[in-house]
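Right, one structure below, let's go through it.
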């Protein structure tokens, strides 16, 4: 399905990509989550960019022995290229804080908050960020009918890349009584907002710009659409009135800064049809770096090529005391 494959690395290994350079970077990716493939595709591009920029690079496939591997190679910096559980949820940053190894992307609090859709929603609302109405449903509630009026969105608590997200439309042959809760015993049920899908790239606290996603095949911006060529068109910059565009960037910066994010992030919004009201969907503290990813595309439009983007992210590396 995907044009970009991950034959360059075998599972659970340390692989020296470059043994000479100004600093030694451990590129941590792969791992055990449902987003393993995306992580490896991101890491391939990041690894090449780091080598081109003159760094010594060692790839580490995330596993239970990650601390042993890091102790063995003694990197100057960890480039956290993980997506999903253990990397994006704050686990790896927590370990690196203990080991006193500087790392890219957000720390424990921002990562864990952004990854948990329930807690991030509470954070957004506390900071007056507009979101769609939602409720939490547990498997034990034994709901037999639609929990809210259709159309609505089903979201797992802690998955990225739209894994497990389903949109239930009026005409769908769907019975909630048969929903099997594949990604945990609780889900968020969110009112579906019909509108324009907008994405904002943020780097070091400043919004670089925004683009709009135009769906070409699927009904919503799901995993397949995100990572398969020809399923979506990116309009960069997003064709919006200036006042709405500026508000979109300011809201994104507000989310990033109040959550104390670091490095690169991507904020997602819906601009509701008819009302032009912005609804925040989420902030991703570990945005993809694949050839189809949004942050590199927006950065490139604004004059930051991929190698420079990776170097800018690397400059933010630190650990938390």
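Backbone N, Cα and C define each Cβ position, glycine as well.
As written in Swiss-Prot, here are the features:
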{"type": "BINDING", "residues": "148-199", "note": "ATP binding site"}
{"type": "BINDING", "residues": "268, 282", "note": "Mg(2+) 1 binding site"}
{"type": "BINDING", "residues": "282, 284", "note": "Mg(2+) 2 binding site"}
{"type": "DOMAIN", "residues": "121-315", "note": "domain 'ATP-grasp'"}
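Mapped onto this structure are the features recorded in Swiss-Prot.
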residue: 148; record: ATP binding site; DSSP (3 states): coil
residue: 155; record: ATP binding site; DSSP (3 states): strand
residue: 169; record: ATP binding site; DSSP (3 states): coil
residue: 176; record: ATP binding site; DSSP (3 states): helix
residue: 183; record: ATP binding site; DSSP (3 states): coil
residue: 190; record: ATP binding site; DSSP (3 states): strand
residue: 197; record: ATP binding site; DSSP (3 states): strand
residue: 268; record: Mg(2+) 1 binding site; DSSP (3 states): strand
residue: 282; record: Mg(2+) 1 binding site; DSSP (3 states): strand
Cβ neighbours of residue 197 (ATP binding site) where a neighbour is any other Cβ within 10 Å: 19
Averaged pLDDT, computed only over the residues in the domain 'ATP-grasp' (121-315): 90
Rounded distance in angstrom between the Cα atoms of residue 176 (ATP binding site) and residue 282 (Mg(2+) 1 binding site): 25
Residue 282 (Mg(2+) 1 binding site), number of other Cβ atoms within 10 Å: 19
Fewest other C-beta atoms within 10 angstroms, as judged across 190, 268, which are the binding-site residues: 268
Entries of 148, 155, 183, 190, 197, 284 which, being binding-site residues, have CA atoms within 10 angstroms of residue 268 (Mg(2+) 1 binding site): 197, 284
Cβ neighbours of residue 183 (ATP binding site) where a neighbour is any other Cβ within 10 Å: 17
Rounded Cα-Cα span from residue 183 (ATP binding site) to residue 284 (Mg(2+) 2 binding site), Å: 19
